[in-house]
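Engineer: The structure under discussion is supplied below as structure tokens; questions concerning it will follow.
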Amino acid sequence: MAATRYNSGDLRRQVGSPRAKNRDTKETLCRNVVIYGHCRWEDSGCTFNHDQNKASVSQTDLNSNRRVFNVESPSFTPANQQQSAGKKSTFSSQAASAAPFTPRGVGTSTPTLQQANDSTIFNPAAIREFTPQNYDVGNTISQNGAQHVTQDGGLYSDPFSISSLGQTMPPQGQYNPYANDPNNLAGAGAGLYQPAGFGNGLVHPPNYHLYQPPSELYRPSLQPYQRTTYDFFIPKDRRENLQKKLFHMQQLLPNSGLPNLDRWHSLFPLDTKATRNSTCFGYPSWMYKAQNNKNGRHFALRRIEGYRLTNEKAILNVTKEWKKIINANIVTVHEAFTTEFFGDSSLIFVYDFHPLSETLYDHHFPPNNSHNRLRNTNKIPENLLWSYVCQIANALLAIHNAKLAARCLELSKIIWENNRIRLAACSILDVLHHDSPNRKTIEELQQEDFVKFGRIILALATNTPTLNFNNIDAALATIVPRYSTQLRGVLEWLIKPSAPGETKTVETLLGGITTHLANFANFVMQESDEKEFHLMRELENGRIARLMFKLSVVNERGDSCGVHNWSETGERLLLKLFRDYVFHQVDADGKARLDTNHYLNCLSKLDASSEEQILLTSRDNATVFVVSYRSIRQMLDRAYGELGKESKPSATGATI
């Protein structure tokens with residue numbers, strides 16, 4: 001390799017400051033200070049500036065003086081011409097951060113010549129710092145330079161807040177959360193958040209995982225007498241399902257454009273498809289969730305679009321008969337009325353609202369998103385089909401005994417929730433066809449109910465929608481290898497016409513499926529026992545909550561009952577020490593001990609007035625008491641009773 005042309009001593013020698021080139025040398029920061037942190041010739045004649053703070057200020061002043069005459073600007077404009085045009089050369093702090101003005105249209109108040117002159121002036125103060133696009137919406141500046149205060153009350157706000165994100169989201173179509181499969185909501189929390197199109201911003205549902213227990217695969221080995229924290233509360237699946245129901249019941253759709261009816265407000269669309277479908281009723285129909293103004297309850301509204309009522313007695317007579325039917329497998333009908341709030345003549349039916357329900361069609365024939373076809377699901381268990389048979393038969397028994405007919409028996413008009421089905425479109429066809437000249441008799445309509453009943457079960461058994469049936473006999477033959485002959489016999493009896501002189505009845509059907517009725521009743525009673533067991537455990541949790549109310553009322557109370565510092569005197573002091581014993585324990589390192597089992601154990605013993613004795617110690621370790629749970633419970637009741645004597649009764653009259 002070629003030898004270097006410099007000596008090693010020259011490389012180690014510090015390079016001197018460059019020679020001054022202009023009159024601003026004293027304001028220029030020395031290069032040695034920038035590179036090495038100091039200058040060797042600072043006291044030996046170096047004419048450059050060696051004070052970094054002074055250099056930054058001087059450089060700022062220098063730049064401000066050079067704003068008007070900037071060699072990098074596109075063109076040169078004298079300063080006097082600016083002032084003659086009425087343009088100020090100074091900028092306020094608020095105007096410096098103002099966004100560049102962009103005219104909305106051609107017709108602006110500024111002349112074209114003035115715009116051309118202003119565009120050639122380079123204004124460094126008007127250049128804003130970089131902020132993420134579409135997120136700088138927390139603060140807005142008006143045209144006069146005044147800055148508006150956000151809703152939070154502060155001058156500055158978080159640009160990534162939920163309210164800011166909602167303002168920047170592009171408008172999208174109305175989002176319907178019921179279009180998703182409810183089963184997917186429980187998986188890994190993926191379906192627990194609404195998409196961006198829902199409302200004006202991101203909507204976060206409750207945190208269902210607050211009491212989520214660990215996986216059963218890693219459940220610790222416990223003795224028979226030991227319990228985990230989650231054993232004291234309602235099971236996670238049942239609790240999560242109930243919380244989802246409450247959440248969907250209170251769900252709103254802001255700016256939906258739906259009107260408020262006379263006694264109904266907060267309408268929320270429930271249809272999973274936005275297409276008009278008039279197959280069942282002959283008119284397009286829509287489903288909404290609404291809240292009643294009088295009682296605050298939520299109901300389901302079925303709207304028949306474009307129907308003009310000609311006989312008011314049709315609504316009164318039909319709804320009067322259907323309101324009498326109260327059945328576990330029928331959605332109760334409350335009333336019907338007409339309205340023009342939707343811009344047309346619509347007929348509204350009011351039903352009970354069952355959150356998290358979906359139609360039987362959507363549950364068993366979900367669409368395949370990739371091919372937009374009905375996905376061929378797996379075989380439906382036979383015991384589930386028999387469960388559907390028993391439930392629909394129960395509904396038809398109540399309807400036929402009331403001298404009525406279900407009429408609208410279709411997969412899309414039966415709602416499903418955890419293998420519980422309900423007929424959800426009763427009474428509608430009775431009103432629509434009330435004055436029809438070709439109206440059939442009740443006996444004929446009841447016989448049609450059996451045929452529609454059989455076609456529903458056959459569609460589920462063959463994984464084929466009812467509308468795709470071309471040959472009933474061929475469809476019945478396909479279920480023989482997969483299901484029992486008894487199920488096929490029931491379907492043939494339902495679908496095929498009866499022999500001359502015979503009439504199908506629900507009693508005859510129930511007589512042929514008694515074994516399955518007994519199995520279904522056994523399953524329902526076992527589920528009822530399980531719910532009662534969990535309800536009893538929640539009852540104990542309610543007793544603990546009442547104890548917590550009493551302890552919170554007594555502890556840390558000031559002057560009361562004519563006694564100064566009442567909660568710190570007498571036996572009330574023991575209640576405070578007991579509170580510390582239960583909730584304020586620490587470990588050997590002085591850190592807080594968080595043990596839910598300890599909380600529940602102590603409060604349960606206090607509720608039971610156990611004779612077990614515990615050691616209560618003051619915070620300064622100067623006072624020690626040995627007392628039983630029974631004594632503490634008596635002290636708590638006496639202290640709460642003293643407060644009750646001097647207090648006024650509550651407006652609701654509720655007591656603990």
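Quick reminder: no glycine exception, Cβ is built from N, Cα and C everywhere.
Straight from Swiss-Prot, here's the annotation block:
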type: REGION; residues: 1-24; note: region 'Disordered'
type: ZN_FING; residues: 24-53; note: zinc finger
type: MOTIF; residues: 63-83; note: motif 'PABPC-interacting motif-2 (PAM-2)'
type: REGION; residues: 75-117; note: region 'Disordered'
type: COMPBIAS; residues: 75-96; note: compositional bias 'Polar residues'
type: COMPBIAS; residues: 107-117; note: compositional bias 'Polar residues'
type: REGION; residues: 251-514; note: region 'Pseudokinase domain'
type: BINDING; residues: 275-280, ARG302, 352-359, 412-413; note: ATP binding site
type: COILED; residues: 515-553; note: coiled coil
type: REGION; residues: 554-656; note: region 'Knob domain'
Engineer: What number of additional C-beta atoms lies within 10 angstroms of the C-beta atom of SER357 (ATP binding site)?
Structural biologist: 23
Engineer: If you count Cβ atoms within 10 Å of the Cβ of SER412 (ATP binding site), leaving out that atom itself, what do you get?
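Structural biologist: There are 21 such Cβ atoms around SER412 (ATP binding site).
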Engineer: Rank the binding-site residues THR275, SER278 by the number of other Cβ atoms within 10 Å of each Cβ and report the first-ranked residue.
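Structural biologist: When each Cβ's neighbours within 10 Å are tallied, SER278 tops the list.
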Engineer: Just how many other Cβ atoms lie inside 10 Å of the Cβ on HIS354 (ATP binding site)?
Structural biologist: 17
Engineer: Report the same-chain neighbours of ARG302 (ATP binding site): residues 6+ apart in sequence with Cβ closer than 8 Å to its Cβ, ordered by sequence.
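Structural biologist: Expected: SER285, TRP286, MET287, ILE348, PHE349, TYR351, ALA425, ILE428.
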Engineer: As a quick check of your reading of DSSP, tell me how many residues in the zinc finger (24-53) are helical, how many are strand and how many are coil.
Structural biologist: 11 helix, 2 strand, 17 coil
